[in-house]
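Comments concern the structure below.
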């Protein structure tokens, strides 16, 4: 396998929720059939991402695919950037306070070290090599050697659609595209990840694997930062500074910070993906398989957007709606300015 294919494979592999996260967190309470049906449901989305990766020439991901549609690409970019920029800082909090369950001075030190680690990997352009290493570690730790068997034969159809949403970050895979990349490795990465996830439902996942899923979460941060860097390479230092500042600010109240950032981030992500898949699904061009796959993907995204709306907390809901309306207003302003030129 060529180096470019290894990079694309490991990048895609790390973007699928993170294998250890799928095994230790998302597979809980699922039967093997639940996991298989969820992965089949999401397969059309993987096909769309494969098609995009194969077609684009550069490394700007889904945004590049939409570049010939100025207004659509602008709307996509603003919602997408807002979502993943928030993703960066609150995922650091998620690793420290929710996965590792640290507190006090140790939590602060760990958060600072993780922030420095992200910055160092980004500035030295070592992200893809790190993801190769972390993918190998995740694969090794996901092999159920010595795990206790726990068979679950019941099928929970209500969990199939929510579980499929755990794979949504594979939409970042096209950002690792190079001229020599073989887009088929995205399918290989997906197949291996969901297969190991399905196998893990046959066992009681050890507690240590849950803690080790922090590797997956950290790798996903690297995946996201790499994608953002490809979109705005000239503002990398500013983004790193803002990211570092936000992670430090989160120390004031990390649990509240996580709550107030994850919700608007997810809703904005689903809006951006809704824009993307709609542009393909309702396009007059493109083969019927691609358009049908985009319709299935759009249905998953619409469901994800609905579940991301936090009706249980008025303050969180207001922040979420205000964020979406603000981004929409900014997009309309940018489009109006371009039309007036």
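Heads up, the Cβ atoms here are built off N, Cα and C, so glycines get one too.
Summarising the annotation, TrEMBL assigns transmembrane segment to 7-27 (among others). Long-range contacts of the transmembrane segment (7-27) within the same chain, counting only residues at least 6 positions beyond its ends with a Cβ under 8 Å from a Cβ of the stretch, are 1, 35, 53, 128, 131-132, 134-135, 138-139, 141-142, 163, 166-173, 175-178, 181-183, 185-186, 188-190, 192-194, 196-198, 200-201, 205, 209-210, 212-213, 215-217, 219-220, 222-223, 226.
Annotated transmembrane segment per TrEMBL: 33-52 (among others), in sequence order. Below 8 angstroms of C-beta separation, residues 27, 61-62, 65, 155-156, 159-161, 163-164, 166-168, 170-171, 173-174, 183-184, 186-187, 190, 194, 197-198, 201, 277, 280, 289-290, 292-294, 296-297, 300 of the same chain, each at least six residues beyond the ends of the transmembrane segment (33-52), sit close to that stretch.
Per TrEMBL, transmembrane segment is recorded for 72-90 (among others).
Per TrEMBL, transmembrane segment is recorded for 96-121 (among others).
The annotation transmembrane segment is assigned in TrEMBL to 128-149 (among others).
Residues 8, 11-12, 15-17, 21-22, 26, 29-31, 33-35, 37-39, 41-42, 45-46, 49, 53, 61-62, 186, 189-190, 193-194, 220, 223-224, 227, 269, 273, 276, 300-301, 303-304, 307 of the same chain lie 6 or more positions beyond the ends of the transmembrane segment (155-173) yet place their CB under 8 Å from a CB of it. What TrEMBL records for 155-173 (among others) is transmembrane segment.
TrEMBL lists 185-203 (among others) with the feature transmembrane segment. Tertiary neighbourhood of the transmembrane segment (185-203): same-chain residues 1, 5, 8-10, 12-13, 16-17, 19, 22-24, 26-27, 30-32, 34-36, 38-39, 43, 46, 49-50, 53, 139, 142-144, 147-152, 167, 170, 173, selected by CB-CB distance under 8 Å and a gap of 6+ residues from either end.
For 209-228 (among others), the entry in TrEMBL reads transmembrane segment. Under 8 Å from some Cβ of the transmembrane segment (209-228) lie the Cβ atoms of residues 11, 14-15, 17-25, 61, 81, 84-85, 87-88, 91-92, 94-95, 99-100, 114, 117-118, 121-122, 127-128, 130-131, 134-135, 137-138, 141-142, 169, 172, 175-176, 239, 243, all in the same chain and six or more residues away from its ends.
What TrEMBL records for 235-252 (among others) is transmembrane segment.
The transmembrane segment annotation in TrEMBL covers 258-281 (among others).
If you look up TrEMBL, you'll see 288-306 (among others) marked as transmembrane segment. Same-chain residues lying 6 or more positions outside the transmembrane segment (288-306) and placing a CB less than 8 Å from one of its CB atoms are 41-42, 44-45, 47-48, 51, 161, 164-165, 168, 266-267, 270-271, 273-274, 277-278, 280-281.
According to TrEMBL, the feature transmembrane segment maps to 312-333 (among others).
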Positions on the same chain near the transmembrane segment (258-281), where near means CB under 8 A and six or more residues out: 48, 62, 65-66, 69, 72, 75-77, 79-80, 82-84, 86-87, 89-90, 93-94, 97-98, 168, 171, 250, 290-291, 294-295, 297-298, 301-302, 304-305, 308-310, 313, 315-316, 319-320, 323-324, 327
Tertiary contacts of the transmembrane segment (312-333) (same chain, 6+ residues out, Cβ under 8 Å): 74-75, 78-79, 82, 259-260, 263-264, 267-268, 271
